[in-house]
Amino acid sequence: MASIRRTLSPMYHDRSHENGGSHKGFTIGGSSSKHNSSQFLSYLTKLLGVTSDPKSSRRGPWRRPFYQFLVFFLLGFVLGLTPFGKMEDVNGSDRFSFEIKQPYVEERLDNNKKREEVAVDAVSFVAETENGKEEVNFVPKKLIIVVTPTYNRAMQAYYLNRIAQTLRLVESPVLWIVVEGNVASFETSEILRKTGVMYRHLVCKRNMTSIKDRGVHQRNTALEHIELHKLDGIVYFADDDNIYSLELFQSLRQISRFGTWPVAMLAPSKNKAILEGPVCNGSQVIGWHTNEKSKRLRRFHVDMSGFAFNSTILWDPKRWRRPFSHPTRQLDTVKEGFQETSFIEQVVADESEMEGVPPACSRILNWHLHLDALDVPYPQGWAIQKNLQALITMK
């Protein structure tokens, strides 16, 4: 069977097109476009690590995931920097509206202005009941700052545990500042850790040569600590060898500036009791109880454990219009028994600035008993290692 093969006429190769190019030129242009697209695809496959060469895939198996991660990372980074502005729902409701707002910029205060310290005296709440809304006033309780100077002796553990048991029953907040001389002993630290009372254990670094001045310097160390940290509360000097009632600490929060009350104590001869403190008409101090002739020259007849005062007197004197510019401290230059009155004279001017606690000063709230055993050493660690043999054996 004969086959017929038709060939292109040579006239078509020389025919020109309307755009001025020949058929051969059009063919070359098409091959150029395909060449460019093939170059882009080959570049993209190389970028992503896709290759048909098995040798190259064996040489770099890590390239493909690395370049994929790089491309998607750059894409996510660019999309993350794109500001989308404000988006709202189609219905125009505010429930599903999202808006990018500038962060709140607090107004800067002028350099010449200082922020005033604001003390919160009370907080009011509104409670909804069946009868309507009722306003409830919440008054925060004052902090009671108990200052106790102590030193290592035979009865120290008994004294500290006794006062700690009383402080545990007082409603918080209560801060117990215990001050030792020269160094903080291990025995005192162990006692304080087991009391369950919030405390601060301080050390008086001053060299104390006289026993009389020991308590003065230890109390001044506590006063410096209160002034430095601006503790706001009622300061009370509670020696560890005194006996305190729970009612006393509950009454301290009623003091506004300076409160005082009578204290019962044993005379040095131990044969009679002495009452020392204010005579009150209601809460007004009108006189003093005193039985010792040697102390009648004092301005205020008060025991060290018979008064308390507001701590802001130490670090905010302008609030109370105090005329003294020097810090309020106890003096070691006065005679024994005059430390109380010399300190009180720095706090108040006269009896008109005092408050009787409790009203009429008709109750004894604490007792000062001189029952300490002098010159008796205490066992180290409060553990007895010697003289444990039985004196009387059981038959």
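Note that Cβ sites are derived from N, Cα and C of the backbone, with glycine treated the same way.
Heads up, TrEMBL stuff is auto-annotated, nobody curated it.
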Among 1-31, 32-62, indicate the range for which TrEMBL gives the feature region 'Disordered'. 1-31
Given GLU276 (site 'Interaction with galactose moiety of substrate glycoprotein') and GLU340 (active site, proton donor/acceptor), what distance in Å do their CA atoms have, once rounded to a whole number? 12
Hey, of the recorded positions listed (GLU276, GLU340), which one tops the CB count within 10 A? GLU340
